Amino acid sequence: QIVPLWIAPNVLTFSGFVMILVNYFLLSFYDWDYTASGSSPGLVPTWVWMFSAFTTFCAYTLDSIDGKQARRTQSSSPLGELFDHGLDSWATSIFVLSFFSICSRDNGKTGVSVYTMYLYLSIVLFNFLCSHWEKYNTGVLFLPWGYDLSQVVLIAAYLLTGALGVEVWHKPLLFGYYITDVLVILLIGFSLFLSFPQTLYNIHRAHLKKTLKNGSLYEGLLPLVSPLLLFILLTVWVVLSPGNILAKQPRLFLWMVGVAFSNVVVSIL
């Protein structure tokens with residue numbers, strides 16, 4: 001309610017996205033190849049982590065209130081929704097790519113491998129796809145609580161890194177597992193046992209109520225074909241690349257994955 005009525009909701013949406021981009025490019029400047037936090041702790045100044053927490057919080061807040069501002073100003077429109085969720089489809093990958101600067105790339109002792117990074121990003125994008133595939137079939141976007149949790153965890157991770165240094169990520173947390181290992185395990189577990197089953201349940205419930213937007217199984221599954229084909233081809237490229245593209249240019253490759261995904265999935269929105 002503190003936002004003036006003359007501010008358009010799309011301005012809030014775009015402002016949040018710009019803050020995400022600024023944070024990403026700032027981290028890219030200090031940590032292009034994802035090694036700054038692993039091989040040489042301290043290369044990323046403390047203020048950068050605090051700034052990352054601030055921009056993430058602001059972007060999360062703006063993304064949460066743009067729809068409320070649209071209804072408050074009676075300016076809701078399909079174009080505004082497409083603009084909002086289209087930027088979200090891009091921002092989803094940027095959040096993950098920024099997080100990788102915290103845990104760092106595997107240096108033989110600490111960090112995560114580039115293949116784990118690719119898996120982590122793929123799972124997050126898969127969850128985003130499921131939410132909007134669900135809306136495509138049911139007409140209702142049941143935003144999973146996992147999105148809110150991921151933003152809180154990301155902000156907390158930046159604050160923790162700024163307060164204690166990146167060394168906190170290089171110490172075993174429990175039974176020899178590092179914090180990054182635990183986060184990956186939790187991500188996979190939430191995706192396979194909570195998020196995806198919930199999506200299928202909501203679609204099944206809409207089918208029982210006869211409120212599905214698509215009358216046939218073919219039409220319902222069709223939006224999954226292009227994203228599935230995209231990730232099959234990307235994975236083949238990662239595995240069979242003669243130049244080991246993911247290891248040589250992880251940031252560029254993972255950025256390309258996010259941009260390609262956004263361009264493919266936006267047709268579902």
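Glycine residues also receive a Cβ, built from the backbone N, Cα and C atoms like all the rest.
Bear in mind that TrEMBL entries carry predicted annotations, made automatically and left uncurated.
Features as listed in TrEMBL:
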- 6-30: transmembrane segment (TRANSMEM)
- 42-62: transmembrane segment (TRANSMEM)
- 112-129: transmembrane segment (TRANSMEM)
- 149-170: transmembrane segment (TRANSMEM)
- 182-201: transmembrane segment (TRANSMEM)
- 221-240: transmembrane segment (TRANSMEM)
- 252-268: transmembrane segment (TRANSMEM)
Please work out whether the transmembrane segment (182-201) lies in contact with the transmembrane segment (112-129), by counting C-beta pairs under 8 angstroms that are 6 or more apart in sequence and asking whether there are at least 3. yes
Between 6-30, 149-170, 221-240, 252-268, who has the most Cβ pairs under 8 Å to the transmembrane segment (112-129)? 252-268
Given a Cβ distance threshold of under 8 angstroms, which distant residues of the chain, six or more beyond its ends, lie next to the transmembrane segment (42-62)? 12-13, 15-17, 19-20, 22-23, 26-27, 30-31, 36, 91, 95, 98, 101-102, 151, 154-155, 158-159, 161-162, 165-166
